[in-house]
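A.B. asks: My structure is below; once you've seen it, I'll send some questions.
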Number of protein chains: 2
Amino acid sequence: MATGRNHRPATRSRGIPEATVARLPLYLRALTALSERSVPTVSSEELASAAGVNSAKLRKDFSYLGSYGTRGVGYDVEYLVYQISRELGLTQDWPVVIVGIGNLGAALANYGGFASRGFRVAALIDADPSMTGKQVAGIPVQHVDDLESIVHTNGVSIGVITTPGGAAQQVCERLVGAGVTSILNFAPTVLQVPEGVDVRKVDLSIELQILAFHEQRKAAEDLSRRDEEGPRGVAVPEGGRGEQGGDGDIPAVMPA
Amino acid sequence: MATGRNHRPATRSRGIPEATVARLPLYLRALTALSERSVPTVSSEELASAAGVNSAKLRKDFSYLGSYGTRGVGYDVEYLVYQISRELGLTQDWPVVIVGIGNLGAALANYGGFASRGFRVAALIDADPSMTGKQVAGIPVQHVDDLESIVHTNGVSIGVITTPGGAAQQVCERLVGAGVTSILNFAPTVLQVPEGVDVRKVDLSIELQILAFHEQRKAAEDLSRRDEEGPRGVAVPEGGRGEQGGDGDIPAVMPA
DNA sequence: TAGATTGTTAATCGATTAACAATC
DNA sequence: TAGATTGTTAATCGATTAACAATC
């Protein structure tokens, strides 16, 4: 679990399982696409297919939010978009700061998917004085010396760390000290945070290592299948589509 | 689950639970740090703390690999590094291609954490002719027209997609057609792939939305606590450290 | 009414964890 | 031998899923 609060069951938040919370953004994205195509209603089967999950799981997930569907008909797309957005807290404005404006920090600053979901890049922060004042994605880079005042001035509660690993813990402590209570960590470091601070880690290298494990397994299986079935024992794709994205317990990974 | 193969229980690979596989890279990173400090042995308690997990979980995870520890002593760091690397398939060379050399693709190309773990950026591919021939991270960008030959020539089995969402499915199909069987997808699209192809998705926007959900919940709790306990009901950090990274079922997120 | 689809139940499955016997 | 720590058991917990009654 990524939450640091232990005074309540860590896996439930207002009765909604953590696994369900992690899927709500997937549903929201699929619903947004339907909304843009002016589709008025959608069944659990259709929406589940678009989101890449099982329809029973989707209905169970929605049941935690309330009874927003109509039997025999399906779900009203606009209404569901609103309800999920509200549940996720996306109907309010979330100013975020990005600390560490290297390649990755710049990529995130340029990412267009923030604004539409209530996130606003309030400031970019870097330790390199020669970066100060430069514009990235139209936003001026500020020096890390001013971190605390930037957080206070903008009412920031979410911080994104894209520094090298060695600087991450110190940056984290300054962010937390200034009042940030949620951190998205791209640095290859396990951050130590006080109770009440949530950390999520994204780590590309870990994702690749998990892929390598399965890739290796496939090679081993193909070899053993050849042994079992004789030469030319090649697996035939059957057109199935596996679920994607969040494997139950996937730590994401990241840059050094 | 991110695996697309259904002919075996999706959650087990050679008897190792998916949740365990997802944690092996975390252990490996912590062990590598110990190795660099020339620490000869480590206990499950120490290593678990460094990796940010429960020590019982760590011992259970290692038990799937074999009995590599010594009771009363702990684990030999170097030996464990080797065993986990081997299990993950990191003792072999994995050429990868990155398709879509925008901000994010460039950030990944520059990422230093690949080579040390057996991954090698074999080629960078982009659809923009004006990018062709330019060097990014010392690697020349090649045109997407040559995708198939690039994959064949380099024996690539892992592809990274950092294109806009609209191009991702097509790129995916070309990669798969050329023989790629593992895909790390940063595009905001649920990819349809044939059986036997693994897809993992990293999506920054989803991670932020999950943080926003918890952030909103904290605000709501603080309000209700103030109601229950009267004014000044402020939570006191107790110095606990929650586990980070892979929440059981976390889809990772990404750029548009 | 007949057909469709939700919301929920209950069974199953996998993951987590404390506890402790085994053993270095 | 005494102390330390692993490897494993068993209990618990949470997540998934098929099935179907409820109901539009």
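Just so you know, glycine gets a Cβ as well, placed from its N, Cα and C.
Bear in mind that the values here come from a model prediction, so they are computed numbers and not experimental data.
I grabbed these lines from TrEMBL:
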| type | residues | note |
| --- | --- | --- |
| DNA_BIND | B:26-65 | DNA-binding region |
| BINDING | B:Gly100, B:Ile101, B:Gly102, B:Asn103, B:Leu104, B:Gly105 | NAD(+) binding site |
| COMPBIAS | B:220-231 | compositional bias 'Basic and acidic residues' |
| DOMAIN | B:89-190 | domain 'CoA-binding' |
| REGION | B:220-256 | region 'Disordered' |
A.B. asks: Per DSSP, to which secondary structure element type does B:Leu104 (NAD(+) binding site) belong, with helix, strand and coil as the options?
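C.D. replies: DSSP assigns B:Leu104 (NAD(+) binding site) to helix.
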A.B. asks: Out of the binding-site residues B:Gly100, B:Ile101, B:Asn103, B:Leu104, which are near chain A, with a C-beta less than 8 A away from one of its C-betas?
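C.D. replies: The binding-site residues close to chain A are B:Asn103, B:Leu104.
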A.B. asks: Which of the listed binding-site residues (B:Gly100, B:Gly102, B:Gly105) has the least company, meaning the fewest other Cβ atoms within 10 Å of its Cβ?
C.D. replies: B:Gly102
A.B. asks: Along the DNA-binding region (B:26-65), what average pLDDT does this model show?
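C.D. replies: Across the residues of the DNA-binding region (B:26-65) the model's pLDDT averages 97 on the 0 to 100 scale.
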A.B. asks: Report the same-chain neighbours of B:Ile101 (NAD(+) binding site): residues 6+ apart in sequence with Cβ closer than 8 Å to its Cβ, ordered by sequence.
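C.D. replies: Spatial neighbours, sequence-distant, of B:Ile101 (NAD(+) binding site): B:Ala109, B:Leu124, B:Ile125, B:Asp126, B:Met131, B:Val136, B:Val141, B:Thr162.
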A.B. asks: Please identify which of B:Asn103, B:Leu104 has the densest Cβ environment, defined as other Cβ atoms within 10 Å, among these binding-site residues.
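C.D. replies: Selected residue: B:Leu104.
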A.B. asks: Go ahead and report the DSSP secondary structure tallies for the domain 'CoA-binding' (B:89-190): helix first, then strand, then coil.
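C.D. replies: So the domain 'CoA-binding' (B:89-190) is made up of 39 helix, 29 strand, 34 coil.
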A.B. asks: For the DNA-binding region (B:26-65), what are the DSSP-based totals of helix, strand and coil residues?
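C.D. replies: Breakdown, helix to coil: 30 helix, 2 strand, 8 coil.
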